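First the structure, in the form of structure tokens, and then the observations on it.
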Amino acid sequence: MASALEGAGYLEKYLWPAVSASENPSAVHALAIAAMLNEKCAQHTSSPWEICADEAKFASFFSALLDAAKALFTPGVAITAAHGVVVRTLINCVQSLEVAPVRHAVAPLFSLPLWTALGAGRRAHTLNQYPNLKRHYARMLAKQPKILEEHDATFMPTLLTRFLSVVGTEGSNVLELELTINVLELLCDALSQLPTRRFLVVLLKDLQFGPMLRLSPRVASLPPASQHRVALLVERYLTLENFEVDDQSGLPLGPAQIKARKLERVALLQRVAYKELKLDPNAAAAALTQDDADAGLEPAIDALVFSSAEGLSDRAALKRLAASLGPGIVTMLLRKVHVLPAEVDDESAWHAPLRRALADDADDAFLTEVMLYHCCKRATLLERISATPVFPTEGMLYSPFQIPDPLHSLAVPGEKKRRRGGAFAGTRTKSMNLPKLGLAYLSVHDYLMRSYALYQLESAYGIREDVTEVARRMQALVDHAGGVSFQGWARMAVTLKRGALKIHDVKPPRLGEAVPAEVRATISVDLRNVDARARSEWDQLREHDVLLVLTLTQPTGDGPAPAPDENGEESEEASTAKVLRALGVAAVRGCTIKAVEDESGNAMNDPGANMANQKGKANPNGPAEPYRPKGMKRTYKVQLDPAQFLLDQETQPSPDPYIECNVLMRRDPKQNNFKAVLETIRDLMISNSQAVHAARRAAADEEEEGGGGPSADANPYGVLPTWLHDAFLGYGDPAAAHFSRLAADAPAAALNFTDTFEDAAHLREAFPDYKVEVSGDLKAPFFRVTFPPSDPLLGPDARPKGKGKKKPVIAAEGFTPEVRSPFPAPPQRRKKAVRFTPTQVGAIRAGMHKGLTLIQGPPGTGKTDVTVQLVLNLYHTFPGERILLVTHSNAALNDLFAKLATCDIDGRHMLRLGSGSRDLQSVLANADVGLEGGYDFSKWGRVNSILAKRQDYLGKVSALADSLGLDGEGVSATCETALYFKLYHVTSRIERYEAAVAAGGD
């Protein structure tokens, strides 16, 4: 119905024109508009908020929606579909804060007035930590005495209180389940952005959202499939609530800061316990219940007070201690440290679910969970990712709850889609709630974490399709002896004998880690039954390529399906096992190739082996001749996933994926780089965490020494430059990252424009708004330009350009470039096809400064030539830096390489990555760049080129040794022997000759 109304333009033609900016619409009208906006967002239209451009009308609609929602979420009102409409609208609004009318209407719901719902003790404690907020809060109460009655202060507490009343009870009502999922998604989205997180997260902690979700009777009573989806959302919420960022400043927290904050909470609890229970016996007696007093709690109190904070942060130890202390003392301590609200706040309506949870806590489980949640240490995001396997397993690949799978129902032959009533009616599977890549992030760590999770799922989706295809083609069959034979074949797979995979080395974990440092193994295969084309593809495998080790068995077809539960929904394990039996897939493990050996034990696809095979006859500028392997047997030395290996050792799966594996599978190289991408993201997270920790430590050291603040080199944001941080995370003005803003106050610096200008006249023509003073060799091909400090033509306060204005002065110096290559031939100056205009020179100048530069223009306007010139200038201006070129296609990158090959850039410093390097040779030949022998810019081509030059120079050493009457073959065996030959035979002769000349001899 909603889709049909959207197609008819119901919102644009009827609902929205009836909204008035001066008078709020009715509740039904507002809910109808909200439902149609939700439909627009669900259909992913180009701009669902275009109709809301009138800010006054949108504010009127949103106010009416909040009025209706406040009545809906009043305690005692039954949950209806209208509740879902309201929460879904809030989700869409929070995801669209970049739209000004939406931001102005929604942002106040997550602002400082939220703290009026806090308990008095926590509010005072939090405001004392932030004096500026304390002044703002007092000013807000003075200027807005009725703020406690407005939506800004009451709507979110009302919504959260109603939500907690739902999750605090048992049941599986469809509408209540939908509300649970929607509210959790709303909170996750709000906590994922700093503007909506700052004040909301404090309220959530005050309401004990985390412990109440963990022990929710509602989640525990859901059917397995629904429970799994809600549990994933709860886990996401808990991760975001405790995310590693300072909620007020937005600065990321390093591992040391996270640990220090947690230990400070435990130490505060110990200090309060010492003061209240050891120094004041009367207070201790008042806190004890009769059962506690009879139990004799002195040893437990001493253990709490005198134990180390590190020891008490362990969950198991603190849980035992909480059980020994009893509920009376635990409650008193949590009230004193402002975790639980004080008795005077017990009348607050917002804390009603918390009071009810404490009253119903017969076995003290909830009270204990509150204490553990507040004090116990948690694994950091980086620790969790490091302990998570990189390669997907069969459980992840075929779980209908982890990877969205529209074809999942087709994976089981003959199975019909079951359509049942409920929140997921009409769907065969329930996919997980994926992390979202939006426009705003909490930190670089947050962005990398979301990217890691999404890319891992995306790669697993492709791997599943490949594994399914191989399993279908191999046609596994169990024989009478219980073994597995294969009736078919697959080009991307070969069969393995039992025990073909042998684990040779398991290195112990590094200090502070639990995962083995490395797990090495070998896999032996026989390619004699593989056709020649497929065998050549197997022989092209190289180091770092990824292989999959499969354990296949006979498919069971429909097979005996696991018995469904009373609601007709299968658990994740049962559903996954059913699909695996139907496909005949028992286990999937991944590994990375470290080396490939032929039947004689010779290394394959190794430049050293290639050079040995060619015996010094390689073309120094061309690719080496491929090594011809011996025999049909291959041995792959591989590295297994250490995290997955540790899990397998703990769980002991059956069948054993390392002993019973029977198929080795490879994938298309273009789609098989997922491990490198995931490891790169993980390495970036590690580097960022280390950089944040170093910056915080430098700031602390500077503060201890009494300095004026941290040094300029200490970047509190980690690996991301300070000028890019706000724009990258979606909070700042992107224009602030442009070079004109950054270079406005920068000191004078000379930039090497190389051969950008044809002559001095062209140089003056390129900067019409400056007075150019040229010195040096005016006929020189290269120019070095120095711009004035605090350039008045740059920055947000730049003065206007025009006639009658005094022009700033820039100094230009003509010079002849030095030959950077160690070879005697000087570089030939290229003949540029274009004479750069002032606009193009301005783009080149912008790209040579720090900051973001965007070059736009229609085809034929010289964008590629500007890029080539910019790369050349950066290469000469910053010789110690690396330059990375990324394009949308291989053809575009090869075109850039062809033009860069004609520039004054040493060919040894150019490297072409990716599969497009195979086509680069023909591009260079067609471009007539003048490189004799056909330069190979690929990774292995660069290595082969260096080895060929090595072989050529060792041949010259051998010839020199023969001329001196020495064993030329012996002294030229290696570079080390050549160095000794130079020292003892060449240098010594030169020194004797120079000594004789100095002595006047002949």
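Backbone N, Cα and C define each Cβ position, glycine as well.
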Which listed span TrEMBL calls region 'Disordered', if the choices are 409-432, 601-624, 697-720: 601-624
For the domain 'RNA helicase aquarius insertion' (749-797), the averaged pLDDT of the predicted model is 84
Give the residue counts of the domain 'RNA helicase aquarius insertion' (749-797) per reduced DSSP state, in the order helix, strand, coil. 7 helix, 14 strand, 28 coil
Counted with DSSP (H/G/I as helix, E/B as strand, rest coil), the domain 'DNA2/NAM7 helicase helicase' (839-919) has 42 helix, 1 strand, 38 coil
